[in-house]
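The following features are taken from TrEMBL:
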type   : residues : note
DOMAIN : 8-188    : domain '3-hydroxyacyl-CoA dehydrogenase NAD binding'
SITE   : HIS145   : site 'Important for catalytic activity'
DOMAIN : 194-290  : domain '3-hydroxyacyl-CoA dehydrogenase C-terminal'
Amino acid sequence: MAAKKVEKVTVLGAGVLGAQIAFQAAYAGFPVVSYDIDDDAVEAAKKRYESIKRSYLLHLDSATEEAVDAARERVTLTSDLEEAVSSADLIIEAVPEVLELKREFWEKVGKIAGPDTLFATNTSRLRPSDFADSSGAPERFVALHFANRLWTQRLAELMPTPKTDDDVVDAVEDYAKRMDMVPIVLRKEHPAYLLNTLLGNLVTAGVQLWIDGIADYRDIDRDWHLGHGDPHGPFRIMDIIGLRTILNSTRTNPGIRDAEWGQEFARRLQEDFIDKGKLGVETGEGFYKYDEDGNPLNW
């Protein structure tokens, strides 16, 4: 197929990363529809977009009040799925990292999207070929993965499945460039892409040190920061990613899920953090506490 050039974008899921993806597209000049499941989620997303605007102004020298306000005006929020996808050239899905949920979601989307619409998932660790067929058009389906804090982390990992048409890869790569991102195209399908494969080793090592009682998680982060110069240790990284996403990844990765330390980590995440509403930066508290712009208060 000859994939059409992307002009209109829909992002499904207006959580931490979904909102960032939508805003960056709008900042680059694209009209964007930002969808979430109900009116409460849409109201929460409105506040999230205000925080993103402040982050652009704080971290991008080129950002101006006029530019971020114009970007926000290009984002249309809705909780109506059909309205969200009906006229999109590209649909980017950023819903929770649960395989069955993604399959069910893409089955719905595939039935109401246009016949030429391109499909992309922002899954962080799942294999896209495990749910691309649910869309009804696996030849138009790719993974397009972004790093958190898009305004400074300009990576866009593009990963086709064995069924993805080459023209679709080219069209989505072109879109990522016009979105002012730097696309990296993977040659083979690989769960967790490049970034999360590399990052996962650091996070896993930090978690094991904590669960085994070697050190407190704050000291693990401080050790990494002082010895490596990176401001984000493994536990701050998890807060940024979101602890629900971390828990879902823990439960779907056999190497972690089946290990005693992995089971204990999942229990602590659930009982000590998630059940108490401590989901990370998105709720203002996870392993650390954060201000409204996501800056740590007790780092």
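Cβ atoms here come from the backbone N, Cα and C positions, even for glycine.
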Within the domain '3-hydroxyacyl-CoA dehydrogenase NAD binding' (8-188), what mean pLDDT does the predicted structure show? 97
Using a Cβ-Cβ cut-off under 8 angstroms and a sequence gap of six or more, which residues of the chain neighbour HIS145 (site 'Important for catalytic activity')? ASN122, THR123, SER124, ALA156, GLU157, LEU158, MET159, TYR193, LEU195, ASN196
Treating G and I as helix alongside H, and B as strand alongside E, what does DSSP give for the domain '3-hydroxyacyl-CoA dehydrogenase C-terminal' (194-290) in helix, strand and coil? 71 helix, 4 strand, 22 coil
